[in-house]
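As structure tokens, the structure follows; a few thoughts come after it.
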Amino acid sequence: MEATGVLPFVRGVDLSGNDFKGGYFPENVKAMTSLRWLKLNRTGLCYLPEELAALQKLEHLSVSHNNLTTLHGELSSLPSLRAIVARANSLKNSGVPDDIFKLDDLSVLDLSHNQLTECPRELENAKNMLVLNLSHNSIDTIPNQLFINLTDLLYLDLSENRLESLPPQMRRLVHLQTLVLNGNPLLHAQLRQLPAMTALQTLHLRSTQRTQSNLPTSLEGLSNLADVDLSCNDLTRVPECLYTLPSLRRLNLSSNQITELSLCIDQWVHVETLNLSRNQLTSLPSAICKLSKLKKLYLNSNKLDFDGLPSGIGKLTNLEEFMAANNNLELVPESLCRCPKLRKLVLNKNHLVTLPEAIHFLTEIEVLDVRENPNLVMPPKPADRAAEWYNIDFSLQNQLRLAGASPATVAAAAAAGSGPKDPMARKMRLRRRKDSAQDDQAKQVLKGMSDVAQEKNKKQEESADARAPSGKVRRWDQGLEKPRLDYSEFFTEDVGQLPGLTIWQIENFVPVLVEEAFHGKFYEADCYIVLKTFLDDSGSLNWEIYYWIGGEATLDKKACSAIHAVNLRNYLGAECRTVREEMGDESEEFLQVFDNDISYIEGGTASGFYTVEDTHYVTRMYRVYGKKNIKLEPVPLKGTSLDPRFVFLLDRGLDIYVWRGAQATLSSTTKARLFAEKINKNERKGKAEITLLVQGQELPEFWEALGGEPSEIKKHVPEDFWPPQPKLYKVGLGLGYLELPQINYKLSVEHKQRPKVELMPRMRLLQSLLDTRCVYILDCWSDVFIWLGRKSPRLVRAAALKLGQELCGMLHRPRHATVSRSLEGTEAQVFKAKFKNWDDVLTVDYTRNAEAVLQSPGLSGKVKRDAEKKDQMKADLTALFLPRQPPMSLAEAEQLMEEWNEDLDGMEGFVLEGKKFARLPEEEFGHFYTQDCYVFLCRYWVPVEYEEEEKKEDKEEKAEGKEGEEATAEAEEKQPEEDFQCIVYFWQGREASNMGWLTFTFSLQKKFESLFPGKLEVVRMTQQQENPKFLSHFKRKFIIHRGKRKAVQGAQQPSLYQIRTNGSALCTRCIQINTDSSLLNSEFCFILKVPFESEDNQGIVYAWVGRASDPDEAKLAEDILNTMFDTSYSKQVINEGEEPENFFWVGIGAQKPYDDDAEYMKHTRLFRCSNEKGYFAVTEKCSDFCQDDLADDDIMLLDNGQEVYMWVGTQTSQVEIKLSLKACQVYIQHMRSKEHERPRRLRLVRKGNEQHAFTRCFHAWSAFCKALA
């Protein structure tokens, strides 16, 4: 692999995470003669490899987290070695060689987390030491002579040892900036050396037994000390010496015994972080409000109550985090909510009763933790906060405007909706600081003046153009304008805004930015765009634009360079011309741009045009593993690689096989099949054939690709198999050197998609780690991928391809390992599977509110308005503002009923009995049962369209000229024949299963279609959702009984029926309801059927007429009583108040209070709120709605004239709930302005918990039915 010739140019490489156990180490490292830094962390090394001796220029060596017991070997022979990092090993004192401290340049030594019992011998000879870390060992003493020579130390970490004292020579460390002594028993150490360390910036003394007596009295000389940690000690108050630190920024005093704070804390004017958790504080002094730069304040686990927090805490305008968990707080000061930058507020485990109402105006808040406060009641959210719900403006004025209301109506609604002043307005004003308000006012004034000036200039230009003679020709540059094309991807906002040189190279039809290191180097087969930005004599920006044509460049590159150069000029608004420069014939002005120092390089990028050639596919086989997101592991291309517990994918280019083992899961098989579909769609243009194979049923072609069928397919993959962790390298290229650092993606986060509050370490690769301007190498052990960013330099790409080959051959890999190249935007599916949630779909944030859109950077003027319009979610609330559907008059309904029945030529009924449809007896017409299915075949007469009257008269005259019967017969033959139409109505009870519809579809429907070809229409209906034309055939005598038509007769119970008309007399039904006297209503008629046990008299049927019922309905009730119920029952019509006690009230189950009016019938409306159209929309159900119109996955709004009920189904999404709540509020506000005498109240109803005021709006309310098959 040395043929690539790149190893001598490698200056740094990170080989961490590879397995170098057992004495193996890649010999190719010796060829990296220019290596400056080398990382071998977590590689399993037990001793230093001999190959290090060849790295004579090595300066930094890191061998952390290994199994090293000694550093003896080649280290002392590396003359340039500056840094040795050997933390987290098993080093003892005998394993640290003395001769390494004789290296002249050794300045960094990290031997932390080892087994040292004393300081390494000869350490004092390392006179140039700058960083020394001996923490987490067992060192008990520090020799006095150590710090006699190490006077240049900048960083010293001796934490987590057994030190009881410190040498006095430490006072010589006048350059020391960081001192860490955590976890040492320094009870008797007075730390008198500290005042002498004048350069100290960080001092950590956590858990060092500090008290008031063993700290220096003053640290006034430490003017640079900014970070102090005195946590986990025995301090009862803040040490006086801390008040003398002028530059203190971070102070940790947690886990002490501090009971109070001094008023002197106002001297910490620069403090940004103050941690006082786990102390005994009962109050904070008011002086803490003077810490104007404080950003983080931690007060957890103290004894603070409401009086202990100063009322002026709102003066901390820079406060971002406030934590006071596990205290005795019942309230928090209202001023705390005036901290405009507060992001994190933690108040859990307190005794909170409520929070200030201004808590809702903390716009930057990300974390609000109030858990374990059992008596907490959150304050109500402020009303009328428009445009904050999923970027939809729910204000009444805006929704009326969208619904097409007139401006007068909108203005009237605005006037009616403007009530008293918002009590929260004052808190909102208090939240804004005085200085920011002045800045905003100044900006508004400047903006207003600018707008006025621009408008004035525009009018002057228009008037000047109007006065100019029409024959005058405008100059070419006066017509320049920015192109409408989107060039932001190629030319960034700062292009041409700073003096300097910018160069683009044409690649695949588009300009790609060239790094500054490669300016002046031109490929002979390429074209370039050169932009020179400079300041003219007046101090204004000016530009020169050239496009350079290579001698071997193709036509497409020449054309694109000229086009993009012109668009760049228009993009900048420049008045200069674009100058063409050809290779070998450059102008003097062009050469001066590069100081006459340009060079030509052979070669160039490929043409942007497609070349027709056959694609070569490499046959590979992968083992599929993983549960939630599958991954593919390459395996050798032979039959013995198969395992019956897994699914394998064999990729042969245009033939893809998915092999399922006998013990593989169906889920893995399905996911592997989907994975193959993605490969076919994205990489094979849909031309590949995917074949699913099951173990034991393989095709000969499958075994041919694997070199033959094995004798037996065995289990050979270990149960705990998991492939090595992928390693992501970033290729770095400088002047004459290459670097290959690893990206520690274990600590990476999805910073582009996830909010800050959810930033947690993820041990997965993320797509956001890949920068389009860079090149990366992804080492997956059995696969090495080279990812090329679209804007990456060409030389970096070439170097990466060679480095990938070297890296593949450098380590022990299986024979089937390959190196593949992936271009940004055309990545292979196998490469994408290595990343977490690789997403090719454009991300759209539907939760962004209007304020977030307005704060989008880089938006101004019309662009800003366009962005707002684009980001707004569509919502349709028009139905809320339409008037209620007026009821149909009785005369109109009867006329319509008469017309439909005149057209009816005949009707036959069928009912499902068992598995067949039987003919329905005529005496049962109009009777329906909730558990049955019915079919009605209706034959309608279709009127004949006769010819015009004149032609008809002519025909009659001609007919008169003929004689007798012959003329009459001829006239009759010419008359058009009457036509007919057949409609089959299928009616299904709400308790019937769907088997009735399936039975009808496959039996009766086919028979009807054969009898009436081309003239049959099928209408499917469910109970109480019938077609009005169908209802008209029963002439308002439509009775729905509960149960089945031929149910097993047992002890009969009384049954109660309600007659009700919904919106029109056509929609009149008599439906059986629960036998309960509380369901009676004075405005309706009811029928009560009471059976007797006597054989002579079957029972009695009462028609109960309410005192306020409609007379027409009373007549209808009497008619139904007499004609539709069994003649064996005696019948009686009774008025309300005249009920017989013996049979009526006994039969109905005792007398109970019931409603005496149905005023709600005049106002009831039902709306549906849904996202099924792809956006939020509200639609209104017709006035003849029923219980089954309540969709379980949507929100329903029911208005009864007094209350608006928001009904929530069990499968409703949270998005619909939030949007429907705002829509409901808009509707109530609209009705308040429209019917101010009937103000509505909002009520929430969940499915299954409906109250009587809600259910009475529905005819024959009963328990919800479960979904039936």
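For all residues, glycine too, the Cβ spot is worked out from N, Cα and C.
Annotation source Swiss-Prot lists region 'Interaction with LRRFIP1 and LRRFIP2' at 1-427.
Annotation comment: Swiss-Prot describes Met1 as N-acetylmethionine, evidence class experimental evidence.
Note on the repeat 'LRR 1' (7-32): residues 1, 38-46, 49-52, 54-55, 62, 724-725, 727, 729, 732, 734, 736-742, 803, 806, 809-812 of its chain, located 6 or more positions outside it, place their CB under 8 angstroms from a CB of the stretch. Under the heading repeat 'LRR 1', Swiss-Prot lists 7-32.
Only residues 6 or more beyond the boundaries of the repeat 'LRR 2' (33-55), in the same chain, are considered here, and those with a CB under 8 A from a CB of the stretch are 8-21, 23, 25-27, 61-75, 77-78, 737, 742. Swiss-Prot lists 33-55 with the feature repeat 'LRR 2', giving sequence analysis as the kind of evidence.
What Swiss-Prot lists as repeat 'LRR 4' is 80-103. Distant neighbours of the repeat 'LRR 4' (80-103): 56-72, 109-118, 120-123, 125-126, 131, 133; these residues of the same chain sit at least 6 beyond its ends, with a Cβ under 8 Å from one of its Cβ atoms.
Feature annotation from Swiss-Prot assigns repeat 'LRR 5' to 104-126. Sequence-distant contacts of the repeat 'LRR 5' (104-126) (same chain, at least 6 residues past either end, Cβ-Cβ under 8 Å): 59-60, 64, 79-93, 96, 98, 132-143, 145-146, 148-150, 157.
In terms of DSSP helix, strand and coil, the repeat 'LRR 6' (127-149) has 4 helix, 3 strand, 16 coil. Residues annotated as repeat 'LRR 6' in Swiss-Prot, with sequence analysis given as evidence: 127-149.
DSSP places the residues of the repeat 'LRR 7' (150-173) in helix, strand and coil in these numbers: 5 helix, 3 strand, 16 coil. The feature repeat 'LRR 7' is assigned by Swiss-Prot to 150-173.
Among the features that Swiss-Prot reports, repeat 'LRR 8' is placed at 175-196. Residue counts for the repeat 'LRR 8' (175-196) under DSSP, split into helix (H, G, I), strand (E, B) and coil, are 3 helix, 3 strand, 16 coil.
Per Swiss-Prot, the feature repeat 'LRR 10' maps to 223-245. Beyond the repeat 'LRR 10' (223-245), the same-chain residues lying 6 or more positions past its ends with a Cβ under 8 Å from any Cβ of the stretch are 177, 182, 198-212, 215-217, 251-262, 264-265, 267-268, 270, 275.
As annotated by Swiss-Prot, repeat 'LRR 11' applies to 247-268. Here the repeat 'LRR 11' (247-268) has Cβ contacts under 8 Å with residues 206, 223-238, 274-285, 287-288, 290-291, 298 of the same chain, all six or more residues outside its ends.
Swiss-Prot lists 269-291 with the feature repeat 'LRR 12', giving sequence analysis as the kind of evidence. Non-local neighbours of the repeat 'LRR 12' (269-291) in the same chain are 226, 231, 246-263, 297-305, 307-310, 312-313, 315-316, 318, 323; each lies 6+ residues outside the stretch with a CB under 8 Å from one of its CB atoms.
Feature annotation from Swiss-Prot assigns repeat 'LRR 15' to 340-363; the stated evidence is sequence analysis. Across the repeat 'LRR 15' (340-363), the model assigns an average pLDDT of 92.
Residues or ranges marked as phosphoserine in Swiss-Prot: Ser406 (among others).
Taken from Swiss-Prot, the feature phosphoserine covers Ser436 (among others), and the record attributes it to experimental evidence.
Annotation comment: Swiss-Prot describes 452-473 (among others) as region 'Disordered'.
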Number of other Cβ atoms within 10 Å of the Cβ of Thr818 (phosphothreonine) across all protein chains: 13
DSSP residue counts for the repeat 'LRR 5' (104-126), split into helix, strand and coil: 3 helix, 3 strand, 17 coil
Tally of residues which DSSP labels helix, strand or coil - the repeat 'LRR 1' (7-32): 11 helix, 5 strand, 10 coil
